[in-house]
Amino acid sequence: MTTHKYSQVKAMLAIARGSFKSSLRSPSTVIFSIGFPLVFILAFAFLGNGSGPRINIAIHSGADTTGEVYQALKTAPGIRIKNEHGEALSEDLEKGRITAIVDIQKTGQQNPSYLIKLTTSSAVNPSSVEVLQSYLNAQADQLNKNYYPHAEAIVGVSEQVEKLPGRTYRTIDFILPGQLGFSLLSAGIFGVAFLFFNLRQQLVLKRFFATPISRTFIILGEALSRVVFQLLAAIVIILIGVICFKFTLVHGWITFIEIMILSFISLIVFMGCGFIVSGLSKSESTIPPFANIFTLPQFLLAGTFFPIENFPKWLQPLCNILPLTHFNNAMRDISFEGASLISCWPDIVNLLIWGVIVYAIAIKVFKWE
């Protein structure tokens, strides 16, 4: 009678297959992984396919910065001046990150006159330029009244706006990476935490222990099913973004594959947080509070809905260390900027550092029984 050696790999794949089928049959899993992110993507995409009105400007290198006009712009509450020059400035204008470059020209000597000229790009929403022009005209009128009440208008805004070629940065190009990150984060933390807690409570893990399969392969089998399911969800989200809303994949399939690799790395890190939550939770009702400690700060502060630059400066250092921030940054660089995974190494290294920290804690707190 021949005996066959027990295959840990086959057992692991059997666990993965069963867990994957269970995920497909779970409405809550499908809704959290695909439904919620798609709702946000649809909402923001229909709110605006272009970039919304923003009054971010830069000052031309040859502009007059000694007079009242520049000082008024510096202190204007509705305008944010970005201190950039050279290639960085040209790149921001080309991609619509700033509304315009403002050139303040001094045209007179005895009774100084100032003419404000704007340079924008085709990537900037025209409504943003109109808002900026209206704002500058109002500022010019106020300056004329304050400094030259008895003279003709000294400060004026040119009606001619120079427009350079640029790349359109749609709302979907910002929102979709954030929502994909949210999907991975939620699945990695909530999915894993509830899964292993329920496996303990229902004594499924004890039944596994009665079989020859090792604990390592039990974990790998369950993790594999989660990874496959969530990467399929990521593919669905990206395809809907590309087909319905023209989400940008600069290099096509190459960009898509790099996004999948980045999603895989990030999901593994987020799943480590799920193991921690599972180990710390004493009951099923305590899982959401523990999970929200990890998810809510990242959901709100990691640039999911708004650029981190919009937050107060004292808060930005905290935003920039969150793992979801590094995923969002790398995802946007790869999809829209055309960056490679290698060029995104600072974000990937930070994700890996988070992974080491998270799994070091998970090993200490995870419970089998």
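Each Cβ is built from the backbone N, Cα and C atoms, and glycine gets one as well.
All TrEMBL annotations are machine predictions without curation.
Feature annotations, reproduced from TrEMBL:
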- 29-47: transmembrane segment (TRANSMEM)
- 140-369: domain 'ABC transmembrane type-2' (DOMAIN)
- 174-197: transmembrane segment (TRANSMEM)
- 227-248: transmembrane segment (TRANSMEM)
- 254-277: transmembrane segment (TRANSMEM)
- 289-308: transmembrane segment (TRANSMEM)
- 348-366: transmembrane segment (TRANSMEM)
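The stretch from 174-197, 254-277, 289-308 that makes the most Cβ contacts under 8 Å with the transmembrane segment (227-248) is 174-197.
For the transmembrane segment (348-366), same-chain residues at least 6 beyond its ends with a Cβ under 8 Å from one of its own Cβ atoms are 196, 262, 265-266, 268-269, 272-273, 275-276, 278-280, 321, 323, 326-327, 330, 341.
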